[in-house]
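Scroll down for the structure; my scribbles are underneath it.
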Amino acid sequence: MSGCRVFIGRLNPAAREKDVERFFKGYGRIRDIDLKRGFGFVEFEDPRDADDAVYELDGKELCSERVTIEHARARSRGGRGRGRYSDRFSSRRPRNDRRNAPPVRTENRLIVENLSSRVSWQDLKDFMRQAGEVTFADAHRPKLNEGVVEFASYGDLKNAIEKLSGKEINGRKIKLIEGSKRHRSRSRSRSRTRSSSRSRSRSRSRRSKSYSRSRSRSRSRSKSRSGSRSPVPEKSQKRGSSSRSKSPASVDRQRSRSRSRSRSVDSGN
């Protein structure tokens, strides 16, 4: 069976105990009301009344603000002291509870900067519940003075940025940044550097390819020119050899002609 203590999130800072009593009127006897800045706790005598209040009043308007109503975390044994002005840390849940119920991780992540070192993840989660349902919270890990908060919906994340950015927690004004935007900016810068390096390598490869092509073309042209010039001396050699081969024949013919002439002269005498 659920507990008797109910958490109120997104509570208007101007809300008073009378407003809270009027809001929960008709849901059973209230044992205690503990209001903080932006959130609060209501304790019923009967846990069934607390169940009904969570089921029917979650998302309703209280002092012109839609509040979130959910069961509060179990308090430690040492924090049972009652009273309307109880210590602000009495509503913390013990660390063992975190192990038993693992948090739900979502993509609706919010980065909290300039976080005081005195603020724990429990304090941060309770503070951020003013904006919506918080599924996960962590502080000072891995970076000091920085926290991470994840919401159940993107609308709660935007609501937190609009309402809680610049607010003070333990004397420090926090700065809220959407986690996806930070990741996108880093990925864009990395992609730009990668694209520039890739374009440089591509231009270099293109230059080397064009240079190799020009060199291969020049080599092919020189080879073609040398090939076209080489037959010329062969023709000249053929011409020279033919002229040389014809010269003995002409000598023989001249000799035969001279012999025939000499014979004709002798026969005439």
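Numbers run from 1 along the shown chain.
Every residue gets a Cβ built from N, Cα and C, even glycine.
Per Swiss-Prot, the annotated phosphoserine among residues S90, S180, S216, S250 corresponds to S250. When Cβ atoms from all protein chains are considered, those within 10 Å of K167 (N6-acetyllysine) total 15, not counting its own. Helix, strand and coil content of the domain 'RRM 1' (4-74), in residues and according to DSSP, is 18 helix, 22 strand, 31 coil. Per-residue pLDDT, averaged over the domain 'RRM 2' (108-181), rounds to 90.
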